[in-house]
Amino acid sequence: MQWLDAIIQGVLLGGMYAQYALGMALMFGVMRIVNIAHGDVMILLSLIAVTLAGVVPVGNLGLILLVVPIAVALGWVLQKFILNKVVGADPLPSLIATFGLSIALQNLMLEIWSADTRSLPSSGIASESFNIGPIYVGLLPVIVLICAFCITAGLDGVLRFTRFGRGLRAAAADTEAAAMAGVNPKKIYATATAIAVGILGLAAVFAALRATVSPADGPAQLIYAFEAVIIGGMGSIWGAFVGAMVLGVAQAVGLRIDPGLGILFGHLVFLAVLAGRPQGLMARK
Amino acid sequence: MSEPILSTHALSGGYGDFQALFGVDMHIDPGEVIALIGANGAGKSTFLKSVFGMLPVAKQMVRFDGADVGGTPAHKMVRQGLAMVPEGRRLFAGMSVEDNMRVAIDNARLPEDQGQWTRDRLFDLFPILGEKRREMVENLSGGQQQMVAISRALLCQPRVLLCDEISLGLAPKVIREIYAVVPEISAAGTAIVLVEQDVSLAKSASNRLYCMLEGRITLSGASGEISRDEIATAYFGGSHAVA
């Protein structure tokens, strides 16, 4: 029963990681843009959410409705003014540009918000739970998991069946050939990054409800997102979801073995996947 | 005679500091088929890329339908009515045959139901594509991939179609199959620029022919009236002329 509990808690934790990872799956998995500032952007959005919550009393749902549009706008600006200048066959320029952005963001956040940890007053949701048999399940993690599932399904559907999705897959496969077929790659990429960061906006609110955030927390979230995408398989949206579950379960099981082992166990599973199935669990080939 | 649908005027350009084209003048009328021949490195592909807005050129160097369009980005040229079958096909890997086609339909000059070309018409023309419409393009043979590439370009509903070495790497039987559709495309009023290395193929499929050497046009005229000797001289340069 202890292990079943670990797996359930791991899946719920995976829901949070999936929200970090979906934007990464879109940018890194599909567009092959390495965004080192992914975690820092999320922390920035969390801190904006915390500050907003202190200024306007809108409740959690209202806060999501405020932060997600800010995130979408931030993503669009990020792509338009930074990433579109460095995107190309060579991943190095985008890596260096976003690495610089990551450091700049961390210092900017430190300047504005100080190094204090902050969180959102969760008005009970974070502490509510219900029982499934003998196992306690938190309400907030279940909501996070359901949201992650719905976003994954929605994003996968958008990529498969919409004009935007086809354009994005085409541009990711061969940017120049996509332009020859009438696709404007820069516009498609700006929209994709806006979506990716928009999802991060939702994740940011949940992260601040669930635990505390501080300006230096970004890189850890970045690693989880990277690991989820690579475990699942590059370019597969459902792969990122599954990868996040695997990572969450590995951490929860490791935690049960020894309280110090949780995070390490996640990394070990990631390394095992890299060694045994480097293309990822859900990759087509 | 009416104005050509596409023309170039002293088109010069290349890659960065490397100049590959030196004042190329060329024109094509609606419904006409022209062939552009030349050896490797003569500048044929560079010419197509320059026309299509993928290499920087001055605005007045390319005229399309009466307007100066040189340097307009490729995705905007598609809206105006230009399409290209790129060298090496360059299909969208990881996508089905039909999704490859739909990318073009999504961004075409005209909606599919108002244009000359529909998926159904192309599946009539290339029946094998109808059978494989849900197949991933990377699982198709070279000839089938070329058919997808041509279909994708036609679904842009072009007024001028640029074809870059569509016979390259294909078996003679497949080449005949693919070239058999050229008259049907031009009959629809679409002008076609065929870039070819196979001289006899280029001669037989075109109305007029241009030969390029080292970034310059060295010969042009009606395809039926140019002799093989003239082509050999223009193709290899005077000092290398072969009988």
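Even glycines carry a Cβ here, placed using N, Cα and C.
Per TrEMBL, the listed range annotated as transmembrane segment is A:259-276 (candidates: A:61-78, A:259-276). Where the transmembrane segment (A:95-115) meets the stretches A:6-29, A:41-58, A:135-159, A:188-209, A:221-247, the count of C-beta pairs under 8 angstroms peaks at A:41-58. Against the transmembrane segment (A:188-209), the recorded stretches A:6-29, A:41-58, A:221-247 differ in Cβ pairs under 8 Å, and the greatest number is found for A:6-29. Sequence-distant neighbours of the transmembrane segment (A:6-29) (same chain, 6+ residues past either end, Cβ-Cβ under 8 Å): 35, 38-39, 42, 132, 135, 137-138, 141-142, 144-149, 151-152, 155, 192-193, 195-200, 202-203, 206-207, 210, 221, 224-226, 228-229, 232-237, 239-241, 243-253, 255-256. Remote same-chain partners of the transmembrane segment (A:41-58), defined as residues 6 or more beyond its termini with a Cβ less than 8 Å from a stretch Cβ, comprise 20, 35, 65-67, 70-71, 74, 78, 105, 109, 112-113, 118-121, 197, 200-201, 203-205, 207-208, 213-215, 217-218, 221.
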